[in-house]
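Here is the structure we will look at.
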Amino acid sequence: MIIPIRCFTCGKVIGDKWETYLGFLQSEYSEGDALDALGLRRYCCRRMLLAHVDLIEKLLNYHPLEK
């Protein structure tokens, strides 16, 4: 859905790093190198970006109030 603002485990702010992370991946960084460049060293913070599935664009196509 939408990337969480803070890490669920340690509380570090990670919400502002999503777009930068995608930019690193577009410029052919590996996932690990991109996370290192963002300063995410803890496993808990790294998994927040690695495991995120961005579904917001797909959900915007649905209009539950229309029949």
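The backbone N, Cα and C atoms fix where each Cβ goes, glycine too.
Among the features that Swiss-Prot reports, Zn(2+) binding site is placed at Cys7, Cys10, Cys44, Cys45. Shown in sequence order, Arg42, Cys44, Cys45 are the residues of the chain, 6+ apart in sequence, with a C-beta less than 8 angstroms from the C-beta of Cys10 (Zn(2+) binding site).
The Cβ centroid of Cys7, Cys10, Cys44, Cys45 marks the Zn(2+) site; residues of that chain outside this set whose Cβ lies within 8 Å of it are Phe8, Thr9, Gly11, Lys12, Ile14, Leu40, Arg42, Tyr43, Arg46, Arg47, Met48, given in sequence order. Of all the binding-site residues listed here (Cys7, Cys44, Cys45), it is Cys44 whose C-beta has the fewest other C-beta atoms within 10 angstroms.
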